[in-house]
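Under the heading region 'Disordered', TrEMBL lists 1-42. Look at TrEMBL and you will find 1-16 tagged as compositional bias 'Polar residues'. Annotated compositional bias 'Basic and acidic residues' per TrEMBL: 20-38, in sequence order. Feature annotation from TrEMBL assigns transmembrane segment to 90-114, 171-191, 212-231, 341-366, 386-409, 463-484, 504-527, 533-554.
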């Protein structure tokens, strides 16, 4: 080797020495001494280490750039094609939204077929309902999760109160539980954007802000209701003060458009669930699938045999109602021989497939449509506040808009699920999605109030009181968690959870399973054992959680107030205060599953290419021994990148 070459190698070695600064130098001029294979290997390292640091502010809405040709640069033919393409996309978007709403309706019917009778049986367990109010809360959650409709579960509660099986005091926690159970739908919808880390961060935070509002409202208002009964007393005072007459049924707005399609697929007889809940023995043997859509009743005075007859003759005159079937329904499953469970599972699979497909296509269409000037206009309309003196009114206007839109679609799940993808792609800020979600909580109660006002006169008071309990519960929650900016804890908590789920995307599934399934089922099981067992198990757990939360807050703000041992959680095992060990376990399990499924299917060409690459690296290590450790580190980074790509959700 000549002295010049040796000097060149020495210079190269000296310039390559400060490797820890590689990420900073990668943005400047590239290193000149690396050959092509090594450049490829080392260029992948920053993608892993800076994946979560792409944006300065993680919650800033992205600028949707217009990558197409500007309007002024198009000729006449191009402008006509641009207009036709835009109109076609808009029509396709409306069609996808229509299919999305219909799939949610079918999904609700599928859940009722799968778990509707079980929901009725749960409500019939008066021994459980007589336990502490927490049991009623989780029963309301479970029933709403089973039927995927807070309106259906609320109507069951109303029918039980009207029939005397439940009093209003017992029904109040159940109504609170239905409010929580209905918020799981948009959380599921956020999971469809899990592929993109930043979109998933925003979408999951925008969905769970509704969850945290409901959980925090219950956490504060349920103890207040137990101690004072203010919701029961307030609604009873309102019902007695106003001479409310029975009115018309709730108007069908969106259902007028969606019913022709959904009724052609399946129609359900929801009175069967109410019949099971109210103890009707005949309802248990009936199918939820409606067969006769047009019937008539004929009541006659007949001579029937008396029960418990102790005299002669053993008969009495009694009004007997006979149902006359006139016209069959026209849906697909009207003549099916399948059980309700089989039909429900079929509809569940199909509706979930259509729902996810529609959501993915809606997001793609919105990404292609909301670009350039269109995106600027929509973002200004959705996120701009009023001028300075009236800026505080903007959020309340958003609440009114959310209530109105929910009243139109007659489903809070449909409305919140529709705005979740918009939050994900950056059209709506989380701070604006929050009041819209609060408005949807109010809008869904107005439909229940109108439905209650259509009840018969003898049950109107109780039905209306339960509907008003739902309304004032949500209004009380808004007064707690919205007027003062400092009290808007759901937004901060949702952002924190969104950040965690963006870093550990498996945690989103863990959150849904624990909060909406394991916790309600555990409390329900403990309730079956009695309130003593429920209190004995939950009180220590709640005490530990409260202690951990208080210590966490003091650690972040006033650590000097704590003993030296409690100023950090380092004295605990790492798995007890960090998600890193759990993330490694999930990553290893996913990597092994991926390896078994597809990563082991390596072709011969890939093997030869790998051998050639290793050979190049061996030659390079022989020529430049001082760079061996650097190449090994780069290879480890490349391997970790491949595992990261293989295990990303």
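Glycine is no exception: its Cβ is also placed from the backbone N, Cα and C atoms.
Note: the stretches the transmembrane segment (463-484) and the transmembrane segment (533-554) are not in contact (fewer than 3 CB pairs below 8 A, sequence gap of 6 or more). Of the recorded ranges 212-231, 341-366, 533-554, the transmembrane segment (171-191) has the largest number of C-beta contacts under 8 angstroms with 212-231.
Outside the transmembrane segment (341-366) by six or more residues, the chain places 89, 92-93, 96-97, 99-100, 103-104, 106-107, 109-114, 189, 192-193, 265-266, 289, 333, 421-422, 424-425, 427 with a CB less than 8 A from a CB of the stretch.
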